Amino acid sequence: MASSLFFSVSSSSPLFSSTIKPHFSQTTKHNNLHLKTSPFTVKSISSPATNTPLPSVDKFWEWICNGGVISNKSSAVIKPGIVPEGLGLIAQRDISRNEVILEIPNKFWINPDLVASSEIGKFCGGLKPWVSVALFLLREKANKESKWSTYLEILPEKTDSTIFWSEEELSEIQGTQLLSTTLGVKEYVHREFLKVEQEVILPNKHLFPSITSDDFFWAFGILRSRAFSRLRGQDLVLVPLADLINHSSSITTENVAWEIKGGGIFSRDVFFSLRTPVSVKSGEQIYIQYDAGKSNAELALDYGFVESRPDRNAYTLTLGISDSDPFLGDKLDIAESNGLVGETAYFDIVLGQPLPPAMLPYLRLVALGGQDAFLLESVFRNAVWGHLELPISPANEELICRVLRETCKTALSKYATTIEEDEKLLEGGNLSPRLAVALGIRLAEKKILQQIDEVIRNRELELDELEYYQERRLKDLGLVGDQEDIIFWEPK
């Protein structure tokens, strides 16, 4: 075969995608975390909130009110409280839609700028922003006299993010892209810890006493699950009090909930402003949407929960042009000119939705070879993608169908359970939170793979009925009659 394809099913999600609130995560096979406190999970639950006080929460609220973190006006609107998710923000009166509920000045933000101006700033200049903030959190957590101690005391010891799952719990997502992503993130964080340990922590023990890998993972998990991003001039910032707000799947808007704004024409102050995207009754918990664009796998990795919405379920197909392809250069040029840069392209397949529009054209390009290779010539360069949007030849279309179906079959064989077994477990109920997440992820992935296979199988059945490039070309030249027969002219 003149042309070859390669497919894989690894996740293409970036480690630090630009989302709003809460994000980051990882550990290695030799670096298991065993944090035994009750999880602080962020779930889409609308159960009534309770106001049972905890000493640490009361102390935190006193710091918030007396330390100038928020105004008296804001303290009359919201208050932290115990909720089904752990801690949350409770409305103290009826709140209108899009009403500002709090404004936190930048002197109470924890971000790379704060680290740079702190005692450890001169040692963190060359570090990744999140690593420097992680070190700051750990140093301040160890210092009981720290300005931030009352805030750090209310932070959870872990979340239900998959980076904190035990090996037994991770076995429940065997074969999934979430497992490979989780292990990759854990390895990444472990490498970052070993690097910063040698370069910063050990040479400066007087500043960083006894920071362990588990400590570093805790800080990473806190940032992954609580940091706000996509803010004006801020890619990573922890905002005390604001980060207690929980997520609800019933809220679909996210752009109006938070922003960075100035204090006025003559003020240099900058505030983090938080609004309610929906109206809230007094005594109810206030929710926002964390990120409408995240898949369930990303939600599980960042926060430790999944949603029931089908469009949250996605599977990433990794497709690419083989290094040994004799037409590699031409194909890369064509792909790049159509927005697909590099030898590898990623396509997110969403449950219940059609295949991405660019996927089949890209596959036809990757499989292009043999008698079809003439389309790679420079004369076709400006028009080739238009040709690729339709079937090229029976051989080209059959190849991509066969390889896609083989890829789905291989991926499905890596799961420890079948769709039927998962559905039976789901019907039985009484699942632990983490098993429910695992079940939701692996069941959705298998359904998407089954969906892809079914689409391609149906296409295989239609191969003889499809119209290919040569037929279309003959029609354009007027060489095909009304009965689809080729017209010949006898010489006069």
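Yeah, the Cβs are placed from backbone N, Cα and C, and that goes for glycine too.
All annotation found in TrEMBL is predicted automatically rather than curated by experts.
Look at TrEMBL and you will find Glu85, Gly86, Leu87, Asn246, His247 tagged as S-adenosyl-L-methionine binding site. Counting Cβ atoms from all protein chains shown, Gly86 (S-adenosyl-L-methionine binding site) has 17 others lying within 10 Å of its own Cβ.
Annotation comment: TrEMBL describes Arg226, Arg230, Asp243, Trp258, Tyr290, Tyr303 as substrate binding site. Taking all protein chains in view, 26 other C-beta atoms sit within 10 angstroms of the C-beta of Arg226 (substrate binding site).
Annotation source TrEMBL lists domain 'SET' at 67-291.
Local packing around the Cβ, expressed as the count of other Cβ atoms within 10 angstroms, is greatest for Tyr290 among the binding-site residues Trp258, Tyr290.
In the predicted model, the domain 'SET' (67-291) has a mean pLDDT of 92. Whole-number maximum of the Cα to Cα distances across the S-adenosyl-L-methionine-binding residues Glu85, Gly86, Leu87, Asn246, His247: 12 angstrom.
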